[in-house]
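Right, one structure below, let's go through it.
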């Protein structure tokens, strides 16, 4: 499984995550979708759809982010060598000016 | 009264003991004060992040929204999870630039990206102004807590003054220890405010031991409780969109949240911290809203939704549980106010007073930051007193989002896109903030003729258009293009040589 994850192209992972994120954003931002769930009393696991809709939206993106983190961990994309001196005196690469 | 005040005193004493035990013997440098030496792991980052995200007013204003208007309160769940996710995506480059160029604040990053002191100062002013209402809300929450804890025996003025005094004493330690003090106590405060409260909500919803509510109540709430604003009623269909959009974009922009990126020990700590943040934040807020919505079945809660959290716990467990409710809100308020005051003082000193022409020493920066904090807190205290009986406290928070969201255009485009320049960023932010401010003054809540869209959205659109138009008209010089290219090159990841078998597959990832 780990070798399969490592062999996946970055673009495929980013696209999959992007689709899930777009769906979550649409659920939260597109009035026809959230208004369709508004006021619906039918229940999912004892919770009315009007409420479950928002929990599902949050759970969807939360799980997707957790999966993205786990995949990045397997692919070794979370650790790095960093070419920087801690608390370097140089604030900016070039001087700031208005 | 004695029981509740004692519980508050015990909690406060533990916070002070933590500060005392974890203090450093040497005087911290300004970098230690600002970002804690960029040394903290994911749990510290997460709890600090959550503390900066959910203030004590969550248990009053946002709980009141759920207990008074029902499912409406869940908009906070959507924008917080989607917004924190955006932070995950942005955090990598933000942290790398922070480390590489010794950035201490969010305006520092903007100033560096656009090579402009003006961009830095404007971003800082917008951040400080927009955080102000949240500090006011936090102080009001503290005042309300002491009103409850005193059984109504103390006056409003006395309660606010005591709340302010508590924060001032707490701030003394923050100033002395720097960011380290915040991070250390955020862990404890966060456990009490969000983990303990989530457990309390689970017990309440389970309906055991005489709980006044249960999960089953969610199926029996009134029809109006399940309807969103915009689904009938006075609000238009774009109201929820506006609140969530400004929430998501605004979440990229809060200086308090952004500051947590710079406290992390590395990209792994930032990302792991963000995942933990969603778990804690989403779990806690979902449970709190479910309790609020179920609480609409309790007549006393429905009659006074903003005090619903206290009413329910008092009904459930009497004085002791009411005392716990007060301690929970106290923990959330203290963590949030402290973080907001610290970052505002820091930004005023580091980004507004300090400049390329007027370089301040570590000592001067710390002194100015301290003075700024005192003035900031005093102003917030006055406003908190004057607006203490305002009906819809949460409206103040909404208004502040209209302002902070204006940082989103230069911040987001600056991190992910090499185009744009300082003229576009400056003009866009100013235009967006002025438009959002003017519209919010005329339409404090929403603009009905535009389907209940809010002033912040219009301001954001103006901001984006001005940014793109002015940047296109003024263009980028060859030197500027080269400088920005070097910035993006500097933020590229270099995989460590020590993780054999992993690094070969991903030698260099932008």
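In case you wondered, yes, glycine gets a Cβ from its N, Cα and C as well.
TrEMBL annotations: computationally assigned, not manually curated.
As written in TrEMBL, here are the features:
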type	residues	note
TRANSMEM	B:59-90	transmembrane segment
TRANSMEM	B:122-142	transmembrane segment
TRANSMEM	B:148-170	transmembrane segment
TRANSMEM	B:191-215	transmembrane segment
TRANSMEM	B:235-254	transmembrane segment
TRANSMEM	B:275-296	transmembrane segment
TRANSMEM	B:308-332	transmembrane segment
TRANSMEM	B:367-387	transmembrane segment
TRANSMEM	B:399-417	transmembrane segment
TRANSMEM	B:424-443	transmembrane segment
TRANSMEM	B:449-473	transmembrane segment
| the transmembrane segment (B:424-443) touching the transmembrane segment (B:122-142) per 3+ Cβ pairs under 8 Å rule | yes
| remark: Answer key: the stretch among B:191-215, B:308-332, B:367-387, B:399-417, B:449-473 with most Cβ pairs under 8 A to the transmembrane segment (B:148-170) is B:367-387
| Most Cβ pairs under 8 Å with the transmembrane segment (B:308-332), selected from B:59-90, B:367-387, B:399-417, B:424-443, B:449-473 | B:59-90
| note | For the transmembrane segment (B:449-473), the candidate among B:59-90, B:367-387, B:424-443 having the most Cβ pairs under 8 Å is B:424-443
| Listed stretch, out of B:59-90, B:191-215, B:399-417, B:424-443, that has the most CB pairs under 8 angstroms to the transmembrane segment (B:235-254) | B:59-90
| note | Tertiary contacts of the transmembrane segment (B:399-417), defined by C-beta under 8 angstroms and 6+ residue spacing from its ends, are 90, 93-94, 106, 109-110, 113-114, 119, 123, 126-127, 129-134, 243, 246-247, 249-250, 252-254, 424-425, 428-429, 432-433, 436-437, 439-440, 444, 454-456, 459-460, 463-464, 467
| Under 8 Å, at least 3 Cβ pairs, sequence separation 6 or more: does that hold for the transmembrane segment (B:275-296) versus the transmembrane segment (B:59-90)? | yes
| query | So which residues does the transmembrane segment (B:59-90) touch in its own chain, when a touch means Cβ under 8 Å and the partner is 6 or more beyond its ends? | reply | 49, 53, 137, 140-141, 144, 197, 221-222, 224-229, 240, 243-244, 246-252, 257, 261, 270-271, 274-275, 277-278, 281-282, 285-286, 288-289, 291-293, 295-296, 301-302, 305-309, 325, 328-329, 332, 392-394, 397, 412, 415-416
